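> Feature table excerpt (Swiss-Prot):
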type     : residues                                            : note
BINDING  : Lys23, Gly95, Arg123, Gln170, Arg347, Arg389        : phosphoenolpyruvate binding site
BINDING  : Lys23, Ser24, Arg28, Ser168, Gln170, Asp316, Lys343 : 3-phosphoshikimate binding site
ACT_SITE : Asp316                                              : active site, proton acceptor
Amino acid sequence: MKERTIQPVNNGLNGNITIPGDKSISHRAVMFGSIAEGKTTIKGFLPGADCLSTISCFKEMGVEITQNGDEVTVVGKGLEGLQEPKAVLDVGNSGTTIRLMSGILANTPFFSCVQGDESIAKRPMKRVTNPLKQMGANIDGREEGTFTPLTIRGGDLKAIEYISPVASAQVKSAILLAGLRAEGVTAVTEPHISRDHTERMLEAFGVKVTREGKTVKLSGGQKLTATDIQVPGDVSSAAFFLVAGAIIPNSKLVLQNVGMNPTRTGIIDVLEKMGATFTVDLINEGASEPAANITIETSSLKGIEIGGDIIPRLIDEIPVIALAATQAEGITVIKDAHELKVKETNRIDTVVAELTKLGARIEATDDGMIIYGKSALKGNTVNSYGDHRIGMMLAIAGCLAEGKTIIEDAEAVGVSYPTFFDELQKLAK
């Protein structure tokens, strides 16, 4: 369990930074390329542990995948070409891999067993296994399909019209992917619109997808045709440096090639509402996945209320938004964020516990947290608990704190941002 020592940043963070590829898009590019017909080239791929787990799983099913840094080539097998894996499919720490891949495996006529690490073993799978069973999938797991390992014997499925109790792109995507080989029209309706990378990328691969309000539909029997994918930078990774630029004195950062998918840019809306000083320059308007260069500098922030429809658009950024709120004037209330409880950790509890160790005034609620602003942070020993987003949030907090901060289990950040600490060090010079 490696630890990192973070020293206070006295002269601010300054410079340009190219954000690594979007994790959600990288996963999907490998998966969709694997079930497409033809060769897909992916540029800007995120070579983090989670996305490498996706590559490993599809290689195990006979897909020829070549990876060289952030460029990946996938020779697709088509929807019917995957081979029965000889070994257990290990997703590591990746919830995206296990949930989306379950949708693909549910309609593939062979047996597979899927498992992950200790964190995955605690994460709820019934939200995916239940609708897949309704489609006719033979799928099981511990506690009646609630937890991994999952066993899946794929076969013929029937389309369903599913009303999801949660706004989850992973649930929606698993059902849509299962629907590719189901008989009829598969529809998913959500309480709020979740991130739409699956719909955008299916369309890029030639699949017709229909959107009507909060409902997404596709017809079974459509084939995927290989295409080249350019992955923009991950706005969830950019969020840590956006907040750092806003709250660390004497800072000015230019973040290049940040993904600006409107279902993901809640962090931008929140920083604007809090009063942050920044500019957004779109660089590829009209692309399937828009991107921008963002310039941000030290700002005077104010507390706000965050809840409702915006939560699915920033669920992964809430840990670092909470940190920003500790430096804002007034009180920030985050609500409607129950999903935080079923992430890599219970992020309500971990954010509150670890920021409290650093001197923040913050309280947990059932569906979020209340943060009292203008806290003077003091260095301490804190822990990521194996959660990459908690680790990065604590590193930014450490830059601001008085005295040194020691982060235990710091290597967890490699899941989504392998070069994070190197970038932080470079910007602090």
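Cβ atoms here come from the backbone N, Cα and C positions, even for glycine.
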> Consider the binding-site residues Ser24, Arg28, Asp316, Lys343 and say which one has the Cα lying nearest the Cα of Arg123 (phosphoenolpyruvate binding site).
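With Cα distances computed to Arg123 (phosphoenolpyruvate binding site), the winner among Ser24, Arg28, Asp316, Lys343 is Lys343.
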> Using Lys23 (phosphoenolpyruvate binding site) as the reference point, find which of the binding-site residues Ser168, Asp316, Lys343 has the shortest Cα-to-Cα distance to it.
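When the Cα distances are compared, Asp316 comes out closest.
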> Pull out the binding-site residues from the set Ser24, Arg28, Ser168 whose C-alpha sits within 10 Å of the C-alpha of Arg389 (phosphoenolpyruvate binding site).
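Matched binding-site residues: none.
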> Return the residues near Gly95 (phosphoenolpyruvate binding site), defined as same-chain residues 6+ apart in sequence whose C-beta is under 8 angstroms from its C-beta, sorted by sequence, else 'none'.
Ile120, Arg123, Gln170, Glu344
> Pop the Cα-Cα gap between Arg347 (phosphoenolpyruvate binding site) and Ser168 (3-phosphoshikimate binding site) into the table, whole Å please.
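Cα of Ser168 (3-phosphoshikimate binding site) to Cα of Arg347 (phosphoenolpyruvate binding site) measures 17 Å after rounding.
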> Among Lys23, Ser24, Arg28, Ser168, Gln170, Asp316, Lys343, which the record lists as binding 3-phosphoshikimate, how far apart in Å are the two most distant Cα atoms?
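Between the most distant Cα atoms of the 3-phosphoshikimate site, 19 Å.
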> Rank aside, I only need the closest one: which of the binding-site residues Ser24, Arg28, Asp316 has its C-alpha nearest to that of Arg347 (phosphoenolpyruvate binding site)?
Asp316
> Would you mind listing, in sequence order, the residues at least six apart from Asp316 (3-phosphoshikimate binding site) in the same chain with a Cβ closer than 8 Å to its Cβ?
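Sequence-distant Cβ neighbours: Ser236, Ala239, Lys343, Arg389.
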> When you measure from the Cβ of Ser24 (3-phosphoshikimate binding site), which residues in the chain that are at least 6 apart have a Cβ under 8 Å away?
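Spatial neighbours, sequence-distant, of Ser24 (3-phosphoshikimate binding site): Thr96, Ala169, Arg195, His197, Asp234.
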> Find, for the listed binding-site residues Lys23, Arg28, Arg123, Arg347, Arg389, the residue with the lowest Cβ contact count at a 10 Å cut-off, counting only other Cβ atoms.
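Comparing Cβ neighbours within 10 Å for the binding-site residues Lys23, Arg28, Arg123, Arg347, Arg389, Arg123 has the fewest.
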> Let me know how many other Cβ atoms fall within 10 Å of the Cβ of Ser168 (3-phosphoshikimate binding site).
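The answer is 23.
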